[in-house]
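Asks: Below you will find the structure I want to go over with you.
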Amino acid sequence: MAVPYHLLKACGGMVFAAQGTDIHSFNSNLEYVSTWKYPVKPTETTDISTENPAEVPTGATPDVSAPSTPEGPPAKRRRTETGTDNTPEPTATTTTTTTEVPVKKGRFHRSPVQAANEKPFINCLISSRDGRHLILTTGSDKTIWVLEHDGQGNLKQLSQRPMPKRPCSITLTGDGNTILSADKFGDVYALPLIPTSDPNPNPAAAADSGSSTPKPILSRSATPSAAAAAAAPAAGGFKPQANEFTVHTRRNLRALENQKLSMEQSKQLLKEAKTNESEKPSFEHTLLLGHVSMLTAITVGQSVSPQTGIPREYIITADRDEHIRVSRGVPQAHVIENFCLGHEDFVKALSVLPGSPSLLVSGGGDDDILVWDWLKGTLVSRAEVLKHVKEIAAEAEKVAVSRVFGYQTEGGETKVVIIVERVPALFSYTLNPSTNTLEHSGTVPLPAIPLDVQVLQDNKLLVAVDTSSGDYVSTLVVVSTAAEDGSTVQTTPAPNLPAGEVKYGAEELQKLLYTTETLRKLSDFD
Amino acid sequence: MAPVKKPTVKKDKKQKREEYRAAMREEGVSSLPRKKFYRQRAHANPFSDHQLVYPPQPDQMDWSTLYPDYIAKDSQEIRAEGGSSDSEAAIPKRLTQDVEVADIGCGFGGLLVALAPVMPQTLVLGLEIRVSVTQFVEDRIKVLRHQNAETGGYRNVSVLRANTMKFLPNFFRKSQLSKIFICFPDPHFKARKHKQRIVSTTLNSEYAYVLKPGGIAYTITDVPDLHEWMVQHFEAHPAFERISEEEQDADPCVEIMRTATEEGKKVERNKGQKHVALFRRLEDPDW
């Protein structure tokens, strides 16, 4: 199955397009320059080998990986393999397997369908403002990659960092030195663009909140002192958390006695295990904030602080539970300034408008896109989407906005283009600066379903379209925004490229390309 | 044999429950509800999408059904004049004052009932994720209000089904609350379940958001490890500081929390330990 370009990034006169696991670069005339390929060979063992380059040669851990190979959730398996660096003492191994690979109980089984998503597929693509770095994330191996761009379209891999949970959206801070990664689990981590060698920055060193170094909020799972306690059971020994006061029945008390006994026995083991550090990533990463919900989008906004009048940065995060949260930037990311509440379904895309940086446009499962004064947390206006989608697809009852792309035209107008999942059109809105409302300024019908959009010079839009269904052949479409009625849509044929090395089935590809609608909650579930 | 027998027994129990609860819903019931008709598994998954009802934002929360005695006069008049038009329904009736105390995971409501007479001028809200248990507290408050009709007691407490880990900011505005109680939360012993604990550094940011500076977060548990966990995570959060032992013992709410919560009573019966920790919400530094 041919994979269409599904992510685009235009920067510094170049265009980068992600196709499955590869990134192709094009010059300003959309002529093909080169390709960066996902390093195929280390795919399966990448994360392990980077974490413990010294100890884990491929296949050195057959005892744990073997039983879970057929249908165990591979995402979990990766973490287990880290745990096996411990000497394979019987007790140690069993505890590790039971806690981390839930194969014991049937209800924890994931369906094998899950495996469809397990090939690394690029799911985020951003660039630094100067165009010298490209940052991308791949889905199944949860890795953040930083590539260096030489200015001519050639990409060189600088680093790869496997995250604890799958990143859903990434962005760069205003100074361009820090990657903010929002993950499926609801946490936002800060990583330096160029990794430092120091894996554990000293938290005490950054204790002064006024200092410029990020003040680490401790990890969700453990504080340093708790880490010692928590790491111990994870690393092999078992420590009962119940005590004589919390357990009352005779049987439970007896069980507790037994647990204590075995704890004594494994104390020796524990000591050994403690020398092995926890399974955390070995590179610098700082937990900034977290939602108890899957994060769907992250962006940063710049504004003058209302308290001090100093220009400051704010982190804006959106989740599946209709929230948009505005937090202060590093190092005060623990302070929530506001929530932009008003969505009634999931939020998927955010865009701080380039021409009006106090305004934020958000879209998702609602019938409208919403315009916010994000620092105040107030809804400024709404713009209809469903109504315009119905003009293209009359039977549509709900929409899933997958992209909200704000840009400034060369004439100085602020425009927003949105993509609605599985609707073959672009919807364009123009900001009315006096009322801060978005006025629908055109619907551009496309020959195929759009996946991503970027702006080129001369007010032209570059759209990646899905060619896997239908007979339309070109994967890139240039839309001239001068005529938004769609009469002058030009198409550019895709450069002839070798197909990606990872093959996807038709159904699998659909799942990978169209993820927005799946965020919607089922209404008949309690 | 057994598989045939079991469902019928279960159904009977379910029927009894339903009948009992239906009877409780009728007007003029004067006896307090009995827990055995409202029991529910002690754990709920905070990550799943329960069929929850919550307002899109705090301003759209209709508090009038929870605190009918505190509806603002002018709000009522406007409503009376406008009749029952659709546009009126969109704007909920306002209260004369805001909810200021929240009991997160109120369980069977022991703390709420004990706090009601202690802070009669304050609106106290219990939040509970389990449906049956919430219903019990609802019925309990209803009966208590009925029983104390002359004194007007228990008009200031109410309960709501909610998943606070996800939706706390949907109910409360920034700096709205002065006290948050977290009493005997689910300990989630397994390391794999630690992420489901109600106290974490990232969630503490949300508690800091709804608490006003100077407000207090109260925690109590009978599990030493969880106590340690909560202390560490609150202390690690820059917006909170731990309150000293002396001040803690002087706070009347602490004694209520120790003795009046349902779980506190159970721990008492079993001669368990109770670990209390209070944390003050600090002013945010300048930004």
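From the backbone N, Cα and C atoms, a Cβ is placed for every residue, glycine too.
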Asks: Do you know which of B:Gly105, B:Gly214, B:Gly215 TrEMBL groups with B:Glu128, B:Ile129, B:Asn163, B:Thr164, B:Cys183, B:Thr261, B:Glu262, B:Glu263 in the S-adenosyl-L-methionine site?
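Replies: TrEMBL lists B:Glu128, B:Ile129, B:Asn163, B:Thr164, B:Cys183, B:Thr261, B:Glu262, B:Glu263 binding S-adenosyl-L-methionine, and from B:Gly105, B:Gly214, B:Gly215 it also lists B:Gly105.
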Asks: Quick one: DSSP breakdown of the compositional bias 'Basic and acidic residues' (B:15-28) into helix, strand and coil?
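Replies: Once the DSSP states are binned, the compositional bias 'Basic and acidic residues' (B:15-28) shows 11 helix, 0 strand, 3 coil.
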Asks: May I ask for the distance between B:Asp186 (active site) and B:Gly105 (S-adenosyl-L-methionine binding site), taken between their Cα atoms and rounded to an integer number of Å?
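Replies: Between the alpha carbons of B:Asp186 (active site) and B:Gly105 (S-adenosyl-L-methionine binding site) there are 9 Å.
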Asks: Who sits close to B:Thr164 (S-adenosyl-L-methionine binding site): which same-chain residues at least 6 apart have their Cβ under 8 Å from its Cβ?
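Replies: Sequence-distant Cβ neighbours: B:Ala102, B:Ile104, B:Gly105, B:Leu127, B:Ile129, B:Ile198.
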Asks: Using a 10 Å radius around its CB, how many other CB atoms surround B:Thr261 (S-adenosyl-L-methionine binding site)?
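Replies: The answer is 27.
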